[in-house]
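Enquirer: To start, I am sharing the structure in question, which I have written as structure tokens.
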Amino acid sequence: MTEERAQMPSPDPPSSKGQEAQRTFNKITDYYDLMNRLMTLGRHAVWCRDVAARTRVPSGGRMLDVATGTGVIALAALKKYPNSTIHAVDFSDRMLTEAASKPGASAIRWQHADANDLPFGDEFFDAVTHGYLLRNVDDVERVLAEQYRVLKRGGRVVILETCPPQGLLRYPVTLGVRVLIPLLGQVVARDRESYAYLQKSTLGFMTPEEVVAILRRVGFASIAWKKKFFGTHMIISAEKQ
Ligand SMILES: C[S@@+](CC[C@H](N)C(=O)[O-])C[C@H]1O[C@@H](n2cnc3c(N)ncnc32)[C@H](O)[C@@H]1O
């Protein structure tokens, strides 16, 4: 199996939602890690380690972190599976530059790529991960189908994503997210607008059940999920059979 797709067609430019995400993430790179720590009260790093652990990459295997951002999941995976090859892609060059400057990052293969058209051959990876990707794409099914394509049979996808809070916590948590995220963005990063976008995409995304239904349609099985952080985050894992 070759790493690059032979005769790759030139990828489509990012879609409208993709363009907004690309602009936003290129803009907020400098404050990304700090803001993430503040917005999740330090839990983001723990969830990324959890995501890495759930991939169960075999020794000598290959893992891909899509929409790697500043590389937190990719670096956690490298620590957990030092004998594996970790690839990490993103369509924000500023995020990739930041990720590649972190300690230990030189062992990871960083690459510019759009999640809609991954530049890898079929069945190349033992595991695929991503954090906070799906709410930024126009076509969730296409992006998950692309991940299914590059996974080997028996390979796992592990997803970290936000979800709209439900039940009793729905109203207080929604209000907290609406007020706190743009406020933190204004005070810490001096950029209320970008964090208003993040707040909107967080509350507007799918429930775990909706993502699971798409994973099933794409062909994934053995699907498991759990919610985190007052029902605002989810970790979902699934297997290609
Ligand atoms: C919120 S950040 C998440 C970064 C990292 N995964 C984490 O958990 O901290 C979302 C990242 O997804 C990237 N992204 C969004 N849509 C993408 C796409 N279609 N292809 C590649 N990267 C994308 C953005 O550039 C950004 O770096």
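Including glycine, each Cβ sits where the backbone N, Cα and C put it.
Pulled these features from TrEMBL for this protein:
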- 1-21: region 'Disordered' (REGION)
- THR70, ASP90, ASP114, ALA115: S-adenosyl-L-methionine binding site (BINDING)
Enquirer: So of ASP90, ASP114, which of the binding-site residues has the fewest other Cβ atoms within 10 Å around its own Cβ?
Expert: ASP114
Enquirer: Just how many other Cβ atoms lie inside 10 Å of the Cβ on ALA115 (S-adenosyl-L-methionine binding site)?
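Expert: Cβ-Cβ neighbours of ALA115 (S-adenosyl-L-methionine binding site) within 10 Å number 22.
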Enquirer: What does DSSP assign THR70 (S-adenosyl-L-methionine binding site), in three states?
Expert: coil
Enquirer: Around the C-beta of THR70 (S-adenosyl-L-methionine binding site), how many further C-beta atoms are within 10 angstroms, looking at every protein chain?
Expert: 24
Enquirer: For ASP114 (S-adenosyl-L-methionine binding site), which of the three DSSP-derived states applies: helix, strand, or coil?
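Expert: Assignment for ASP114 (S-adenosyl-L-methionine binding site) reads coil.
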